[in-house]
Structure formats: C-alpha cells, structure tokens
Amino acid sequence: MAPTTTATAAAEQAPPPQHTRKAVGLAAHDDSGHLTPIRISRRKTGDDDVAIKVLYCGICHSDLHTIKNEWRNAVYPVVAGHEITGVVTEVGKNVARFKAGDEVGVGCMVNTCGGCESCRDGCENYCSGGVVFTYNSVDRDGTRTYGGYSDAVVVSQRFVVRFPSSAGGGAGAALPLDSGAPLLCAGVTVYAPMRQHGLCEAGKHVGVVGLGGLGHVAVKFARAFGMRVTVISTSPVKRQEALERLGADGFIVSTNASEMKAAMGTMHGIINTASASTSMHSYLALLKPKGKMILVGLPEKPLQIPTFALVGGGKILAGSCMGSISETQEMIDFAAEHGVAADIELIGADEVNTAMERLAKGDVRYRFVVDIGNTLRSD
C-alpha cells in the first residue's frame, strides 16, 4: 500500500463567502516550491456545478514552474495540478450531462467569459475575456483557484469532460483514470493542433520534436491516426525507446547534420514540443513545400524566424495553446477507442516533493501521476 500524507497540522484557510466545502490539498508557500498539506475551502455545489472526488492528478512541468515562481506570477499558497481525474459526488440542479458516480476529468481551465467570439466559436482556450486557469488564477467571483493536488474540486459543468468507463456499462473501451490524467494537458496540447492542421491523415509523414511528456503522447496519437512518424531529438540515447517501444518509424538526432540532411523535404508537418530554443531553419528544412510546423513548447528565448525558408517554400509556422473543451472530450474518446494513454509513474502524496526534484532534472518517463484518492488523507 502506498504511503499517506495527512493535513492534521495544516493551517486552516479562511473560506471566502459561499466557499464552505472543506478540502485538503498540497500547497507551496514560497518559491522553494516545497509542498506541504493544507486545508482549503471549495465553493458549495452551484446549480451548474459538478463536485468531484479527486482520485488522480498528473504533474505537469508548468506546475513546477509555478510553485517555484519561475514565471513570476505565483500567488501563494499555490495548490497546483490541472490533470485531474476522479468521480462525481454531486451535481447542481441544472446539470443533466453528469451524475454521481460518473468518471470525469478536469484540465487546464475552469472558467471563461462565455461571451467573446472565441467562446462563442467553441475556442474558449483563447477567450479574450481571460481564461480562468485551474490553479493560481482568479475566478469570476474574485477568489483564487486551487488545483488538483487536493481531494475535491467543484467545477462548472462546462469544463468537465467524461471519461469512458467500463463501470458505466457502455460498449466502448474504457480509459484508465491514472494514465489518462496527463491527456487532459499533455494529450490535448498535441492532439488539438494535429487535428486542426491536418496532421492526422493516414499515410502522411509527421515529425515530433522532443520525446518527453508531450512528445511521447504525440507519437502515440500519430500512430493511432495511421501516420508515418519520425522523432527528432537531441538525445541519441532515446533512439531505441522511440523506435522499439513507442513504435516510431524513424528517429533523427537533430545535432547530426547527415541525418538532418537525409530527411530534408520529407515531412508534411512537425509538432514541436521542445521548450529549449532551437534552430527553426533546420527544422523547416525537413518540411515538404507547404508543410506546417506547429509550436506547442515555450522556448526561454525568442526564436529567430527564417523568413526566406517560410516564404520560399510556402511553409506555415503556427502556435497552439491547450485545446478547447470539445477538443478535449473528442481527444479523450479517441484515446479510449485507440488505446492511447500516457506512460506514467504512479506516486503517493508524500512523494510529490521528490518527484518535483526529479522532474527538474528530467528524470521521469514520461509523466508523474499522484494517487490522490489512496494516499492524501485528512485525518
């Protein structure tokens, strides 16, 4: 049995108005990023809300950036986590899509304005009125949001997605709540742009830059689409992993000039998941005329854009951030049908700080998931 973490000695936070539901979480209180138990409050279940018992929560690299205040936007205490899966415990009177006992997930956002053009078009992840993120954000009622490193969340039904479950009696395939949790961020971050930009057509050739939390899921989706997929990495040691275990068709070491030259002009598209600053010129050279490269990573330094390579080849360089709720639900259903899930290391709540240290060193294959339901205790 996994070890447990309790909140017996944790400080009680003064609940905002209408935030009367008690919950327990793991919070960072300063830029050391060290997580300790804390008692927090959640709002009572509103008419359009879904209350969820959190069972699992994935650890995203953005969680690490935030708890350490590396983006200079942390408001402590921070209860991180936006790859949340669990079971519905209560629904509001206006909620018809969910019921108690349903297996569900919550991703990176929990509210938007609902009225701007992006929201009306079903692209709420680009809400011009401001996305309310699952944690370290300010909700419409002025309260701070706390994420999935906690035993319970209350979320508007608009931002909850259903997980196919064998317990539901349906004929379709189920998606595990533990290895499915990272899909709510890493999964939709690559799935949405692949679908939007036509990098989902069987027989076409797609490159995946980076073989980490996002990249390994991109490889799995590309294979499920029936595409030819080549991994592009700075790490030669990942060749065997990419080809033999993940089933990629090819592997290129990006610092190997001969390998890069041999692949020039062969790809219909590239999903670039790397966060390190990279050479756009060498990657664009891999594309066929009118090929597309989609950036989903956030480099630390501004990129140098080779305009002649873009214009001369009619190539497209685009960015993508997360995915909409409809895209997230579509992705979850597709993943269940095709057996796509993240490769995870399941950890107990008392192992989170060690996991963060390992994540900072890149020592994870490929995603940590916290077993909240079995290891985070309130007594």
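Every residue gets a Cβ built from N, Cα and C, even glycine.
The compositional bias 'Low complexity' annotation in Swiss-Prot covers 1-13. Residues annotated as region 'Disordered' in Swiss-Prot: 1-21. Among the features that Swiss-Prot reports, Zn(2+) 1 binding site is placed at C60, H82, E83, C185, with the record citing similarity to another entry. Among the features that Swiss-Prot reports, NADP(+) binding site is placed at S62, T189, 210-215, 233-238, T273, G297, 320-322, with the record citing similarity to another entry. What Swiss-Prot lists as Zn(2+) 2 binding site is C113, C116, C119, C127, and the listing cites similarity to another entry.
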_From binding-site residues C60, E83, V237, the one whose Cα lies nearest C116 (Zn(2+) 2 binding site)_ = E83
*If you draw a 10 Å sphere on the Cβ of C119 (Zn(2+) 2 binding site), how many other Cβ atoms land inside?*
20
*With C119 (Zn(2+) 2 binding site) as the reference Cα, tell me which of the binding-site residues S62, L214, T234, V237, M322 is the closest one.*
M322
_If you compare CA-to-CA distances from V237 (NADP(+) binding site) to each of the binding-site residues C60, H82, E83, C113, C127, which comes out shortest?_
C60
*Looking only at Cβ atoms, how many others are within 10 Å of the one on H82 (Zn(2+) 1 binding site)?*
27
*Pairwise CA distance, L211 (NADP(+) binding site) versus C60 (Zn(2+) 1 binding site), rounded so that it is a whole Å*: 15
*Filter the binding-site residues H82, C185, L214, G297, M322 down to those whose C-alpha lies within 10 angstroms of the C-alpha of C113 (Zn(2+) 2 binding site); answer none if the list is empty.*
none
_Candidates H82, E83, C185 (binding-site residues) - the one closest to G297 (NADP(+) binding site) by CA_ = C185
*Show, in sequence order, which residues other than C113, C116, C119, C127 on the same chain lie with their Cβ within 8 Å of the centre of the Cβ atoms of the Zn(2+) 2 site.*
T112, G114, G115, E117, S118, R120, E124, S128, G129, G130
*So among the binding-site residues C60, C116, L214, V237, who's got the most Cβ atoms within 10 Å?*
L214
_Give me the sequence-ordered set of same-chain residues, not including C60, H82, E83, C185, with a C-beta within 8 angstroms of the centroid of the Zn(2+) 1 site's C-beta atoms._
G58, I59, S62, D63, G81, I84, G107, C108, T134, A181, P182, L184, A186
*Intrachain C-beta neighbours of C185 (Zn(2+) 1 binding site), sequence separation six or more, cut-off 8 angstroms*: G58, C60, S62, H82, E83, G107, C108, M322
_Just to verify: the residue among C113, C127, L211, M322 with the fewest other Cβ atoms within 10 Å, which of the binding-site residues is it?_
C113
*Which one of these binding-site residues, S62, T234, has the sparsest Cβ neighbourhood, judged by other Cβ atoms within 10 angstroms?*
T234
